[in-house]
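Some notes on the structure that comes next.
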């Protein structure tokens, strides 16, 4: 797939900017806070409908404007596709494909596949479990768009169940009736238990399936980057039961669901006391080890960077294998975080195989020959022009 054209209107610090991409490699050159990362963010939004930098749509809109629009022309094997995303400070966002508004956002996902790599991705190793869960979920949405609906269902059930647990906790603390007897609340909780186990087991199974595909690819890349000096492993740590991973490997959805219900029973008193759900994939984690040692606690900075680079290259490879087209690669000021060896490994892996958009403040980290067939654009205060014009 190839991104041919991008049009940003009132998005972040871009008032009305069009960009034509002329080759497989494009460098966005400029000082910090000029809009380089904003452009990559717009491409990420077209891919996943999510931004890792903002939660509210109004934070993505220029100044005090009411709306912003991102449009793109994309070339895929099946033909050319025009994408459009309209964000509003008040009201719902809308998406369109080839000029036709799409009511189901699910149908918009995965039309444009991207892998985003920034310095923040180092948190994949050293950050908390929520960072790794978000990484898995974002990748899964690109590979299986229906997963967005599965995850939404689980989160809706989780919110409802937490609200009920909070009521039960308040009732116990008050030690008085509140219009509903404890038995009625308990009966209602049992209904939410069943829904939580059903939706949660689907999330667990898909995450584990993803890791089974991703782990060997990441291991190969890690071996290549480290010179076969280290052994890298990754494992999905489900909190349902200790041996739940074996059930998942056996692809036993019902087995995982039953294990889920059993764990809920075991933690029932703790949940009612705390007033929140402590069982489920929202508490799961991914464990990375190097030579059987946890990378998060004991990995050096160099080892952690090698690990993340291997994961990102594995993402590229997996998406290409599943989608049967190479995804776009977005490199957001990440080369400055890598030493010369890792920079060369990354740039060599990219070559002209993946269309790549790179942000940087200087060109010193690029080989002169690598730059020969690279489009270089200058970014300054939300305005983009050819570097040759400066």
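Placement of Cβ uses the backbone N, Cα and C atoms for every residue, glycine included.
DSSP assigns residue 31 (ATP binding site) to coil, not to a helix or a strand. Per Swiss-Prot, the feature ATP binding site maps to 30, 31, 32, 33, 34, 35, 36, 37; the stated evidence is sequence analysis.
Within the set of binding-site residues (32, 34, 37), the lowest number of other Cβ atoms found within 10 Å of a Cβ is recorded at 32. Report note: the ATP site is defined by 30, 31, 32, 33, 34, 35, 36, 37, and the residues of the same chain whose CB lies within 8 Å of the CB centroid of those residues, excluding them, are 38, 359, 361, 379, 380.
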